[in-house]
Amino acid sequence: MEEDFNMSTPGVKVGVXEEEKKLSYYKYYEQDLAPVPAEKIAILQGGPIAPEKCIPFDERNKFLKGEDDEYANIGFGVAADGTALVCNTTYMPGVTGEMLDWWFPWHSVGSDLRYKIWDPEDHYFARAYPASYVVDPNVPMNQKTWGVDHYIMEDVGPGPEFLKLCFKRPADFGYDESIIGTEKCESLVCAIGESSCAAAMTHKWHPYKDGVLFESRFWIGYRIDEEGNIVKAIPEGVSIPPFVPQGLFAHNIKEFTNLAAILPTLYAEEKDTF
């Protein structure tokens, strides 16, 4: 199955309510999305990376430490065991770790417009449960996703789809929390996605030049079992078709290019209106 990922022409934006048009950050919905760099579009259209370049889920602490140079850091592919990988690295000038710690909980509460401005063509809503935990001023900003589920509607290629993202404390995801706060991992968020294709997800970031380097990994084909363990979700001998990670890669490079463009001013304007 071949997919045509043409990102050169703008798509149709999702709908907004009249109440959303009155919000102070509606202007970010109205503006054009930031263009995806040509080199990333070339990677998208260039086909999957080799299976041996897909970092195994069991080696995820290498990713956190920044000791994963033998693996790809931008691209998509299918691993030898049939699971799939999406990886992306985004330089975000003018962005700080504090802004990203704020962004991930902020966009999941309040108006649906908060999620829409991230990618106005593909994002419909993201709603946190329990929202009371997210908005609790006693919860540290970098912990406001821990144990929180985001109920989402977005389009990563095939059409709008419902998704549940189960965010985890890093230790519950199998991460060594002593790595957090070190040179290659200032902070992170991690979650298990429940949808038509289960996946484990991590976004981490650290200072780089005059901003941050934002690094994403999606291990497609993993789920949470009854005991709370993250396990492979596909049968032996079955492989995820390459168009699945390709579609997610296309979406990822689009949404995080746009987030990098809007976050510095958005944070300056909205950081006190959680």
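Cβ atoms here come from the backbone N, Cα and C positions, even for glycine.
Some features that Swiss-Prot has for this protein:
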- His123, Glu154, His251, Glu255: Zn(2+) binding site (BINDING)
Give the sequence-ordered list of residues that share a chain with Glu255 (Zn(2+) binding site), lie 6 or more positions from it, and have CB atoms under 8 Å from its CB.
Trp118, Asp119, Asp122, His123
As a test of the contact definition, list every same-chain residue at least 6 positions from His251 (Zn(2+) binding site) whose Cβ is closer than 8 Å to its Cβ.
Asp119, Asp122, Glu154, Asp155, Val156, Gly157
With DSSP assignments reduced to helix, strand and coil, which class does His251 (Zn(2+) binding site) get?
helix
Starting from the Zn(2+) site formed by His123, Glu154, His251, Glu255, give every other residue of that chain whose CB sits within 8 Å of the mean position of their CB atoms, in sequence order.
Trp118, Asp119, Asp122, Asp155, Val156, Lys254
